[in-house]
Amino acid sequence: MDLEFDRQHIWHPYTSTTNPLTCYPVESASGVTLTLENGTNLIDGMSSWWATIHGYNHPVLNDALHAQTQKMAHVMFGGITHQPAIDLCKSLIELTPDNLQHVFLADSGSVAVEVSLKMALQYWHARGESRPKFLTLSHGYHGDTFAAMSVTDPNNSMHSLYKGFLPEHIFATSPTCGFWDEWQENDIMDFANKLRCHHQEIAAVILEPIVQGAGGMRLYNPMYLQRVRELCDDYGVLLIADEIATGFGRTGKLFACEHANIKPDILCVGKALTGGYMTLSATLTSKHVADTVCGGEAGCFMHGPTFMANPLACAVANASLNLIKTGEWQTQTRDIQRWFAQYLPKLKESTRVKDVRWLGAIGVVETHIPVRMDTIQQHFVDRGVWIRPFGRLIYMMPPFISNEANIAQLVNAIESALLRDDCFAS
Ligand SMILES: *Cc1c(COP(=O)(O)O)cnc(C)c1O
């Protein structure tokens, strides 16, 4: 592959044109393995950012995609409907909490978040109230488009760069009580205070339930989420759950909200929705919210992407959800959680390590100082694994089909990186 052209002309996520790192050329991928152009096999520890839950090149997903190409690759969704979309929305309504009865299909996670915020704003507008603010958590991540960025941690997403353009919302201190810790009631204090002071201007609370992903890989206590739901009910504020990273089994429950037994008013899903094959997302809401939105001045919900409900994406999502419905993900994620619990604690012996944590098919090693991306990435490739850390976080979210040897290899690669000075900033 022409890596020099790639370096000189192609932007990869969050990369520089003046100081680009060379990318690794992947030729193919199958099961839990990525194969580089030179034939090197890497055990995947990332599921291509939470998405490839059933593994790569899956025969069932491939067949679904092939079959749909023989019918139609795409057709507009305005005034037209099709079986793949109907099947998908039926499954989503069946799998998610029973209050969620209306589905909006969009192209990416960030757009699903934009849609959820617009729903909340239109809801209050229709009720004749001006509520221009959202309440969210520090260390949160909700996407890279403007509204999604405005509810993402201001420091991580460098809000100061966009000052004057980005709306300013309200951030509560993120939970400090971990998933497995004993619940401390004062953890919810800041959130409760902010909601009490500002509730009349707040359209909705938006958060990532249980796992804060790209903003810090923090796993928090289900009681926090329960309290958030109670407080939203007390003050009559909508709750948006962004399950784009956590949805479809990643945390050991089908949706992370189930850890706290709560139902959001609006739910965003994406990433693993198509088993990692194509970009597709969905925003679900209740009949009450949907009907209120549509009873307002506009008379409808004001959004409609060109590629809404793309049939290929819907078809492969249906195949992925059918695999989910077999329930196999439950034993798979339980096993992976057990292996993380077995292998990760010993990494704490390294003086480089600040914390290790895990939940479902998520394993995190937090270091005291940031990694050096070029050297640690090469180290992982030399060790036959694909792990892509950021900052002080080395984390794994492997495909659900990973076996114990795969997990051991991922953890061993991290353990050996911890011994190398050149893998860390000095
Ligand atoms: C990845 C992510 C998004 C954004 O999804 P994209 O498909 O990258 O736009 C939003 N919210 C959460 C929690 C995510 O992890």
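Every residue gets a Cβ built from N, Cα and C, even glycine.
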Site co-member for pyridoxal 5'-phosphate according to TrEMBL, given Gly109, Ser110, Pro305, Thr306, out of Asp44, Asp63, Asp242, Asp355
Asp242
According to TrEMBL, Trp49, Tyr141, Gly304, Arg388 bind substrate; which of Lys271, Lys348, Lys354 is also listed for that site?
Lys271
Which binding-site residues among Gly109, Ser110, Gly304 have CB under 6 Å of ligand 1?
Gly109, Ser110
When the number of other CB atoms within 10 A of each residue's CB is tallied over all shown chains, which of the binding-site residues Trp49, Tyr141 has the maximum?
Tyr141
Per residue, counting other C-beta atoms within 10 angstroms of the C-beta, which of the binding-site residues Ser110, Thr306 reaches the highest number?
Ser110
Whole-Å Cα distance, Trp49 (substrate binding site) to Gly109 (pyridoxal 5'-phosphate binding site), is 12
So which of the binding-site residues is most packed in, judged by how many other Cβ atoms lie within 10 Å of its Cβ, out of Gly304, Pro305?
Pro305
Densest Cβ environment (other Cβ within 10 Å) across the binding-site residues Lys271, Arg388 belongs to Lys271
